[in-house]
Every structure is written in structure tokens, then in C-alpha cells.
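A.B. asks: What Swiss-Prot records for this protein is below:
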SIGNAL    1-24  signal peptide
BINDING   Y84, E130, N188, Y334  substrate binding site
ACT_SITE  E189  active site, proton donor
DISULFID  C196-C231  disulfide bond
CARBOHYD  N248  N-linked glycosylation site
ACT_SITE  E269  active site, nucleophile
CARBOHYD  N465  N-linked glycosylation site
CARBOHYD  N499  N-linked glycosylation site
CARBOHYD  N546  N-linked glycosylation site
CARBOHYD  N556  N-linked glycosylation site
DISULFID  C627-C635  disulfide bond
Amino acid sequence: MARPAAVRVLWALLLPLLLGSARGLRNASQRTFTIDYSHNRFLKDGQPFRYISGSIHYSRVPRFYWKDRLLKMKMAGLNAIQTYVPWNFHEPQPGQYQFSGEQDVEYFIKLAHELGLLVILRPGPYICAEWDMGGLPAWLLLKESIILRSSDPDYLAAVDKWLGVLLPKMKPLLYQNGGPIITMQVENEYGSYFTCDYDYLRFLQKLFHHHLGNDVLLFTTDGANEKFLQCGALQGLYATVDFGPGANITAAFQIQRKSEPKGPLVNSEFYTGWLDHWGQPHSTVRTEVVASSLHDILAHGANVNLYMFIGGTNFAYWNGANMPYQAQPTSYDYDAPLSEAGDLTEKYFALREVIRKFEKVPEGFIPPSTPKFAYGKVALKKLKTVEEALNVLCPPGPINSLYPLTFIQVKQYFGFVMYRTTLPQDCSDPTPLSSPLSGVHDRAYVSVDGVPQGVMERSNVITLNITGKAGATLDLLVENMGRVNYGRYINDFKGLISNLTLGSSILTNWMIFPLNTEDAVRSHLGGWHGPNNGRHDKTFAHRSSNYTLPAFYMGNFSIPSGIPDLPQDTFIQFPGWTKGQVWINGFNLGRYWPARGPQMTLFVPRHILVTSTPNTIMVLELEHAPCGDSGPEVCTVEFVDRPVIGAPPTPGHPPPDLSHRDLRLDYV
């Protein structure tokens, strides 16, 4: 009889544990996020819930600073954050997926969860976001006739494969599975796109449910305009709207009610500022206007996401563009409550006070703005021209083609390609080099036998007079300035996308060099000495003093010793420089263009700086450097402790009419 007694004792010990486990499972299964249609609200775990969210794009904020920015958002009174997942950020080449380091979206979402923030996820596949090609990978254009954002079989196959990788990673992070993701957006402002393909939306809806389950809350977002909701909304996807300050809030939500007669009011993008373009004024929206409008939205009982709460930076080549072609700058500051560098602003505290009137705001310490340091001027010397460095920039050598090939055709998705041919005739008198179909996408830096001739620019300068002898080498260094991210023109091919003519003759027999600038910069282009491609041993007298050959410049600087808490964030500016790209310690900070503005400084986050060895700066100046050739041997860049992103527009680039904010809508 000892055996049954032992069993009874063991059972007595195990029973509380088993009951506890059962309660835990039941509690996990009780985590729900649903819509209460009878009371026009969300329910979180069965209780009424309203989210006040802010947009942060993990792809625009260094991982080093994710926690700092998220904490500041929480302390502002937000209970959720919203983020996009840019497909091209994670799948740069077909089948090559990147989910670590800066691309670790799972870690970002888990970090938000640890800090007590819910997550509204917008995985696309198209995201807009002023991001290159709206987040769609450029390699989709390998099929030139592909119809993006539609039921095109090739497009759907790529989407199916991509979301088949991404969504299973997101499933454990759904709220009902113990994670922070409460809702997930399908596509993005689809009603603003010309295809209006309901079969495409149904395909996405089924795909999301297949990977995430049927209890996931899916939604759409469109402009507060009835025509947008006609194509953007679909039964089974909760329709929300977006609009900015100054809009008629009652009228905007009445538009939502035409698609969703019952359910919570939601503004998925309440604009705290606006985007910028090169050559136009920095966009700002007055704090009191944003605060007043937010107050009215919350007074309506609506849910809201503040787009952006922090804008961040378009590092490297990630910026997008709008039509008629205007590229966005490196800074995505957006005049948001947190600045590009994560600094607290007047707008931050004003919006926090508005939120405090409606919801409990966390008490306690708000992480301060990060300290900035002015490291001063750094001398740079000319390293090599692009032409001299071709063997390092393009180790496999050129691709030969009778007619020009696009970036896509040579599988160069970002950066630069050198196009080379010879002049078929003497051009002793200035002779027009033309792109009759405006086929230079986006800027071409033109030289003949090493003599700069000028710049051709998409939709702006399509003809350039050049001189040279028959048989002379004609070089065009073509820059991809960022793909269109909004509207019907997102199939944005780069490079020479149509033939060039010299006089009346079509130019043929091209040598095409796709440039691997990232690897070349990391190797310092092979150092100061090396072959110069065998053609130009001397500096030539330039046809125009306005231009020098595109060239790399390099310098070093050390972080001062004896000062605590260094390195610190800083900003780099380019006095006397014109336009180009800059790297620090191999990290591609992005584009500078002080000749056009409005952005004059680039944000330098401290985590890319080192204290143990000198820091290396590499600059690719495309148009005119303030040193080298006929100028001084050394030129400088300068590190300052304040940003300048709102310089006046340059002559020839008048400010736009911003009387209505969504200028993009004219080009859907």
C-alpha cells in the first residue's frame, strides 16, 4: 500500500503546478485584440482600448539608438509605435535575406515590447515612405514589363516568396501569441495607385491569413478621399484613413465611415511635418497647428498614429523621389517631434501635453537629447579620379554593348555606372550631346578625354554641348539619385535608358562599368598610388572652371583624448564642395548637395566613430571640389555640433506651392 500513498503525495505536489500551467495557457489564449463594432472601438483583452501611436522606421535609425528613441516615444505618452518593413532592405538580391544587425526587425519589435509599447506593423509589400522604390526591390524590374502592385504573376510569385519568409517571423510576435503586434497593414495607400486590382488585394489578404492565422487584425490605409477608398479598401480588411493638421477632421472621418460604417475611427498617418526635396525649402509645420489638430482628433475619440514621431536618416542610397522627378535628401527629419538626431523639440513637449489631457502619461525621467561635439575642420587630399580608379571600382572590367544598358540590365541596383564610348566625329565646335527621350536617369557627369564638359540631368538638362576630336573617349558617370517611391512611375529604371545622340548620330559601342563603390571605399581605392588606367598622366586644362572630374578625396581625424564621453554625435558640413557621397570608416552616410540645399549638414551618429585609431573620411565629389587640380592642394570638411537642414533654396530652384500638402496626388 506504500505505492498508492506515494502516488497521492506526488499528485498533491503536482496538482497546483498543473493548475497553474493551465491558467497560464488560458491567460495566453485570452490575449486578444479585436474590433467592437457595436461600440466603435478596439478591445484589448476584452477591454476598451485606444491607441496613440508614433511612426519610427528602424531602417532610418541606427540600431545603436533604437532603445533611446523608443523610450522617448513612450515617455511622450504613446502606447504604440508604427513601423514599415522595407522589402529591399531585407532582400537586396533575389533569395538573399538579411535579418541581422541594422536589419534585425525581430529584435526591434521585441525591444519595443520590453519597453511596454505595442506595435502596428506595415509590412507592405509596398510601403511608399519616401524610401527607394517604395521598398520594392529593384531586381523586380529584371522583367521589364512587370506591373508592380498588381496580379502580374511574376510580381505575385516574388511577393509570395518574400512574405513567406517575413510573416512566419512575425507570427510569434503577434499580440495574441504573446508579442506586441496588435494590427498589421496590408499594402499601403493602394487606392492612390492606378492598377485598382482587387484580385491583388485578395491575394495579399489570403497570404497574410495563411501565414498569420485568421484572428490577426488586418487593416488598410488610404487618403481621406472617397476615390482612394474605392480602390484601397476590401471587405475583411479594416479601412483607415490618413490626413494632416488643418484638415476637416469631421469630414475626413466621414470618408472613413463610408467604408466602415461601424468600428473605431483611425487616422493611420497624422502628419507632424512633411518631406523634403533637394532644391526646395525644408518643410515645417507649426507646433501649435499640429497640437491643436491632435487635440481635436483625440477629442473625437479616434485612434491616431503620428507620422513621423522621429524621421531619421536616409543613409547610403535609400532615399526615394517623386514625380516630376525630384529626389529626397539624406535627412528625413520631417520636422517631427524628435529630430533626425533624436533630440527633444518644442513639438515633442507640446504633443506630450496634449496627450496628457486624454491619457495617462508616464512619469519619470525622459532621456535627454544626446550630446553633440564639434570636432572641427579635417583636411582632405585628392586620392584618385573615378577614371583612375576604374580597375578598383570595377575589377571584372566593362560590359560591352552596342547600345547603352540600364542599371538593372547590368544588375547594378544602386550608386553609379560609368558609360564609355568614343566620339565618332570631330567636335571642334560645340556639338550637342543629347538624350532626346530624357533617358539620363538621373544625372550624368560628362567628360571627353578627361576634360569635364558638364552635367546632364533627368527632365532638366537633356542636351549638353561638348568638344573633342574624333576617337576621343567620351565618359558619362551616371548617378542613380533614388527611385520614385509613389505613383504610377515606380517602375523607375536607372542609367542611360535610351540612346544618346551626338549631333544627328546615335552613339554606339559602349563600354559599361558598374562601380562597386562600397568595396572600393573600404580598401581606400588601393591607396594613394596605383595605375591611373593608362590614359591621363597630367591635369588637363578644364573646359569649364565650374566642373572638375568626379574624384575621391580622403582624410583622417582623431577623437580628442582626455574629454569624457567621447565620441559623441556630430554633423559634417562641406564648405566649398558641390555634390557627392561621403563615407566615414566605410559607413555610407549618404548624399551631400550644398550647392542645391536645403540640407547642408549630414548627421554622424557616434557609433560609427572610433577612438582607438584615426577615423577615415572618404568623399566622392561629383562636380567641383574646392581643392586639387588648379586649386589648393588641401580642402576641408568640418564637424559641427548643430545641424543645418533648412538653408534657403538656391537660385533656379524656386520654392514649391505647398498650399495643399499632398503634392504627390497629382502623379498617381
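Positions of Cβ are set from backbone N, Cα and C atoms, glycine also.
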A.B. asks: What is the nearest of the recorded positions Y84, E130, E189, E269, Y334 to N499 (N-linked glycosylation site), using the Cα of each?
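C.D. replies: It is E130, whose Cα lies nearest.
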A.B. asks: When you rank C231, E269, Y334 by Cα distance to C627 (disulfide bond), which of the recorded positions ends up on top as the closest?
C.D. replies: Y334
A.B. asks: In the structure shown, which of the disulfide-bonded residues C196, C635 has the fewest other Cβ atoms within 10 Å?
C.D. replies: C196
A.B. asks: Using C-alpha atoms, which one of the recorded positions E130, N556, C635 comes nearest to N248 (N-linked glycosylation site)?
C.D. replies: E130
A.B. asks: At the level of the C-alpha atoms, what whole-angstrom distance separates the residue listed as 'active site, nucleophile' and E130 (substrate binding site)?
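C.D. replies: Taking the Cα atoms only, the residue listed as 'active site, nucleophile' lies 14 Å from E130 (substrate binding site).
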A.B. asks: Under 8 Å between C-beta atoms and at least six apart in sequence, can you list the same-chain neighbours of Y84 (substrate binding site), or say none if there are none?
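C.D. replies: When sequence neighbours closer than 6 are ignored, Y84 (substrate binding site) has H57, S59, R122, P123, G124, I127, A129, W131, G135, N188 within Cβ distance under 8 Å.
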A.B. asks: What's the longest C-alpha separation between any two of Y84, E130, N188, Y334, the listed substrate-binding residues, in angstrom?
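C.D. replies: Overall maximum Cα spacing for these binding residues reaches 19 Å.
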A.B. asks: Please report the number of other Cβ atoms within 10 Å of the Cβ of N499 (N-linked glycosylation site).
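C.D. replies: Step by step: centre on the Cβ of N499 (N-linked glycosylation site), count other Cβ atoms within 10 Å, giving 16.
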A.B. asks: Can you name the residues of this chain that are 6 or more positions from N556 (N-linked glycosylation site) yet have a C-beta less than 8 Å from its C-beta?
C.D. replies: V378, P614, N615, T616, I617
A.B. asks: Could you state the CA-to-CA distance between C196 (disulfide bond) and the residue listed as 'active site, proton donor' to the nearest Å?
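C.D. replies: Approximately 11 Å lies between the Cα of C196 (disulfide bond) and that of the residue listed as 'active site, proton donor'.
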A.B. asks: What Cα-Cα separation, expressed in whole Å, is found between Y334 (substrate binding site) and E189 (active site, proton donor)?
C.D. replies: 19
A.B. asks: Can you tell me which recorded positions out of E130, N546, C635 are within 10 A of the residue listed as 'active site, proton donor' by Cα, answering none if there aren't any?
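C.D. replies: Hits: none.
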A.B. asks: For E130 (substrate binding site) and C635 (disulfide bond), what Cα-Cα distance in Å is obtained after rounding to a whole number?
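C.D. replies: Cα-Cα distance, E130 (substrate binding site) to C635 (disulfide bond): 33 Å.
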A.B. asks: To the nearest Å, how far is the Cα of N465 (N-linked glycosylation site) from the Cα of N546 (N-linked glycosylation site)?
C.D. replies: 15
A.B. asks: Once near-sequence residues are set aside, which residues in the chain of C231 (disulfide bond), 6 or more away, have Cβ atoms under 8 Å from its Cβ?
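C.D. replies: Spatial neighbours, sequence-distant, of C231 (disulfide bond): Y190, G191, Y193, C196.
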A.B. asks: My understanding is the cutoff is Cβ-Cβ under 8 Å with a sequence separation of 6 or more in the same chain; which residues meet that for N546 (N-linked glycosylation site)?
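C.D. replies: The list for N546 (N-linked glycosylation site) reads G454, E623, H624, given in order along the sequence.
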